[in-house]
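Enquirer: Would you mind keeping the following structure in view while I ask a few things?
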Amino acid sequence: MTELRQRVVHDPDAPPEDKELESEAKVDGETASDSESRVEAVTQPTSADDTPEVLNRALSNLSSRWKNWWVRGILTLAMIAFFFIIIYLGPMVLMMIVMCVQIKCFHEIITIGYNVYHSYDLPWFRTLSWYFLLCVNYFFYGETVTDYFFTLVQREEPLRILSKYHRFISFTLYLTGFCMFVLSLVKKHYRLQFYMFGWTHVTLLIVVTQSHLVIHNLFEGMIWFIVPISCVICNDIMAYMFGFFFGRTPLIKLSPKKTWEGFIGGCFATVVFGLLLSYVMSGYRCFVCPVEYNNDTNSFTVDCEPSDLFRLQEYNIPGVIQSLIGWKTVRMYPFQIHSIALSTFASLIGPFGGFFASGFKRAFKIKDFANTIPGHGGIMDRFDCQYLMATFVNVYIASFIRGPNPSKLVQQFLTLRPDQQLHIFNTLRSHLMDKGMLTAATEDE
């Protein structure tokens, strides 16, 4: 196997970060090889300026630093406006957008792997990658449908059969892909093919699994979807703003433009933003109620009696703070206390998702995952922190918020055989009588 090299095209007008990547690309990359030969990491050429021509003309008189600031700012506002629109369209549209984002992120990461190793003509690499994506999505979304649309599934015979054998079907689909991969192995490419097999599965773990958790968070109530995502967006914006105007001290070598000033400023701004946003959203049922499927109307509903988490309560202020602000008590929603945990994670731990992505990009000598959004890179460049945040929110809800769901228990109870239902009824009746909640007289009535 001959050794392959690809030179980076030098652009004298490229921004500083591109030149830095060019200089790094001159150094031999990490290798992927079989026992007889070594292949250097193939470097992608520096991407051209993808800024819309209208903005290029309007900002032509500005320096590259301020031009980039305005381009990022304008497109950020456009993305925020789009975010508001899809929230207005409801939970079903949000789920579809999450699916589209997942597919695009998967495509961007798999494309990097294909661009690096495409010269070796690995058989079925991209075909199997997309096949495994289909299998994993079938498994996860099938579980979600069975869990949240239980009554509908039991009502339709085809869905009931698919639900009953869902895991077996999912395993069979995956096993088919596994066998196809084994049959595609080619002599002298074994190690490289196993590298790409691992690449695909790690991508599935990072992208598909965590996007599935985003859907679960959404079903808990739109507030559990909107607040965490908004906190990450706020931290990203405010860290950039503080770093742009006040940044002096580098934060981490993986991201040379990140500064301590931006990191600390973004943290405080995000906590304040989380408190304010949580206060506003906690007063609306459409945001705090769990997303449930109404069998009568065959549609999603978000109407309920808000839990204590979303009812104003009075809290005593610690004496030290009382002397500073002069207040003894404060009225706030309990959810706002949880929002402090969410916003703190978004500002302190969330950025490490971005650092991880930066390290990944530098390993393959690329600036962005793609050039989908001018000034921002690819979709994965915008969602590198969101996936980490989604996992934390799901774990947080399961650990501190979620309790037994009576409606789901009733739905499952109604699908049991009559003798099983009677056994549960007698067991529950005996339990309530032992606790004194149900007396013999009440039973006779």
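Each Cβ is built from the backbone N, Cα and C atoms, and glycine gets one as well.
Feature table excerpt (TrEMBL):
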COMPBIAS  1-39  compositional bias 'Basic and acidic residues'
REGION    1-50  region 'Disordered'
TRANSMEM  69-89  transmembrane segment
TRANSMEM  95-117  transmembrane segment
TRANSMEM  124-141  transmembrane segment
TRANSMEM  168-186  transmembrane segment
TRANSMEM  193-215  transmembrane segment
TRANSMEM  221-247  transmembrane segment
TRANSMEM  259-281  transmembrane segment
TRANSMEM  337-357  transmembrane segment
Enquirer: Within this structure, do the transmembrane segment (193-215) and the transmembrane segment (124-141) have 3 or more Cβ pairs under 8 angstroms, counting pairs 6 or more apart in sequence?
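Expert: Touching, yes - the transmembrane segment (124-141) and the transmembrane segment (193-215) meet the threshold of 3 or more Cβ pairs under 8 Å.
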Enquirer: Go through 95-117, 168-186, 193-215, 221-247 and flag the stretch with the largest number of C-beta pairs under 8 Å relative to the transmembrane segment (69-89).
Expert: 221-247
Enquirer: Where, among 95-117, 168-186, 221-247, do we find the most CB pairs under 8 A to the transmembrane segment (193-215)?
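Expert: Comparing 95-117, 168-186, 221-247: 95-117 has the most Cβ pairs near the transmembrane segment (193-215).
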